[in-house]
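Heads up, the thing below is written out as C-alpha cells.
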Ligand code: NAD
Ligand code: MG
C-alpha cells in the first residue's frame, strides 16, 4: 500500500506533537513530508531529525539560518515565514495537510493546499470561522476531503458515516464548561490567567485553553459546525457535559440520536482524520463504564459567559462578522494573557470592536484578510 504523505502545519504545538505520536505508531501507513513551527526552532529541528521530512518551515525568519545548518546533513529543505508556509503546502508529494496552526494565520495555507488538491485534516477551526463559506466552496470545487480534527466535529462526522441520504434535524455540541463552570460574574471579575489556563479535562495550547474557559471556543465551534455540515444556525445547540465523554450528538428527522463517545484524548480524532476511512487498532486507554456513575448535562450559563451569544449573533448577522469576532477575540486573548485586560474584559473588548465596524456582506478572501488585519488594529487600540 502506498504511504500517505502528511504535511503537519504547527508540528510543535499541542495537536502537532500528538499527531507525530500517532504517525510514529503507523510507519507502514503514514509518512511525514513537511513540518512547520512558528518560533520553537529547537523542537522543529529535533522533530525533523527524527521524522526526516522533505521540508520544514520556521516562521521566525531570524532563526532560519540556524535551522538550515542543523539539518544540512539530512538534505532537508528549509523555508521561512508565511510565504514559506504557502509554498511548502503545494509540494507534489503531499497527500494530506494537517493544519494545526493556531489562529487566522492558518487560513491562507489551507486555501493554497486545497487549490493544489491536497486533502485537509483541519484542527485550525479559525480557518472556517473566518472564511467558512469560501473554504467549503473551494473544497467542492477542487473535490478534496475535509476531515475535522476538533473532537466535537470529528464526533459529528463519525455519526454521519452511512447517513448521506438522511438530513440532520439538529446537532448538539457538548461543552465541558471549562474551569469556571458554575461560577458567577462576581467570581470571574478577579480570576487570573493561571486559573483560566487550568482546563479540567484537556491539555491544549494557551489560546484554545483560554477560549474554553470563556466559552468562545464553543462559539467558534458552532460556526465551524455550520460550515462543515451545511447547517442553519437554529440547528446547532450547545449542551454542557462536564465529563467530556460524549463528544457530540446528531439528531435525525425521525428523532433518533447518534452520539460518539470515548475518553477525552485528542489522539483519537487525530488518528481518525489521518487514517480515515479505516479505524486502526491502537493502545489508547479505553473508556470504562464502571468508573463513571453518571454522565451529566446542564444548560449553558449564557448571561455569565457572553462569548457564546456573541458568536451566535455573528453567525446570524453573517458576512464578515465571524471574521471580525475571531480577530477581536485573538487580540482579547493575547491581551488577557499579557495581563492587560481582565477575564470578563475579553467579551467587552470583542463587543466594542464589533460595534465599531460596519458589516461587509459578501467578502472575498482578500477582503477577509484585510478585515482580519484592520480588526486587530481596532481591537488593539481599544486595549490601550
Ligand atoms: P498550540 O499553541 O499548542 O500550537 C500552535 C502551533 O502553530 C505551533 O506549532 C506554532 O508554532 C504554530 N503557530 C502559531 N502561530 C503561528 C503563525 N502565526 N503562523 C504559523 N504557525 C504558527 O495550539 P494547539 O492547541 O495545538 O491548537 C492548534 C489548533 O487546533 C487551534 O486552532 C485550536 O483551536 C485547534 N484545536 C486544538 C485542540 C487541542 O487539544 N489542543 C483541540 C481542538 C482544536
Ligand atoms: Mg473542540
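Along the chain as shown, residues are numbered 1 onward.
For all residues, glycine too, the Cβ spot is worked out from N, Cα and C.
TrEMBL: automatically predicted annotations, no manual curation.
For 6-132, the entry in TrEMBL reads domain '1-deoxy-D-xylulose 5-phosphate reductoisomerase N-terminal'.
Over all protein chains present, the Cβ of residue 205 (NADPH binding site) has 16 other Cβ atoms lying within 10 Å. As annotated by TrEMBL, NADPH binding site applies to 12, 13, 14, 15, 40, 124, 126, 205.
The Cβ of residue 199 (1-deoxy-D-xylulose 5-phosphate binding site) has 19 other Cβ atoms within 10 Å, all protein chains considered. Residue 199 (1-deoxy-D-xylulose 5-phosphate binding site) falls outside any helix or strand according to DSSP and counts as coil. Residues or ranges marked as 1-deoxy-D-xylulose 5-phosphate binding site in TrEMBL: 125, 151, 152, 176, 199, 212, 217, 218, 221.
Among the features that TrEMBL reports, domain '1-deoxy-D-xylulose 5-phosphate reductoisomerase C-terminal' is placed at 146-229.
Non-local neighbourhood of residue 221 (1-deoxy-D-xylulose 5-phosphate binding site): 125, 150, 152, 153, 173, each in the same chain, at least six residues away, with C-beta under 8 Å from its C-beta. What TrEMBL lists as Mn(2+) binding site is 150, 152, 221.
Residues or ranges marked as domain 'DXP reductoisomerase C-terminal' in TrEMBL: 261-376.
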Contacting binding-site residues, sequence order - 152, 199, 221 vs ligand 1, Cβ under 6 Å: none
Non-site residues, in chain order, whose CB comes within 8 A of the mean position of the CB atoms of 150, 152, 221 at Mn(2+): 125, 148, 151, 153, 154, 173, 217, 218, 224, 225, 248
Cβ atoms near residue 12 (NADPH binding site) (within 10 Å, other residues, all chains): 22
Cβ under 6 Å from ligand 2: qualifying binding-site residues of 12, 124, 150, 152, 205: 150, 152
Euclidean distance between Cα atoms of residue 199 (1-deoxy-D-xylulose 5-phosphate binding site) and residue 15 (NADPH binding site), Å: 16
Listed in sequence order, residues with CB under 8 A of residue 40 (NADPH binding site) and six or more positions away: 12
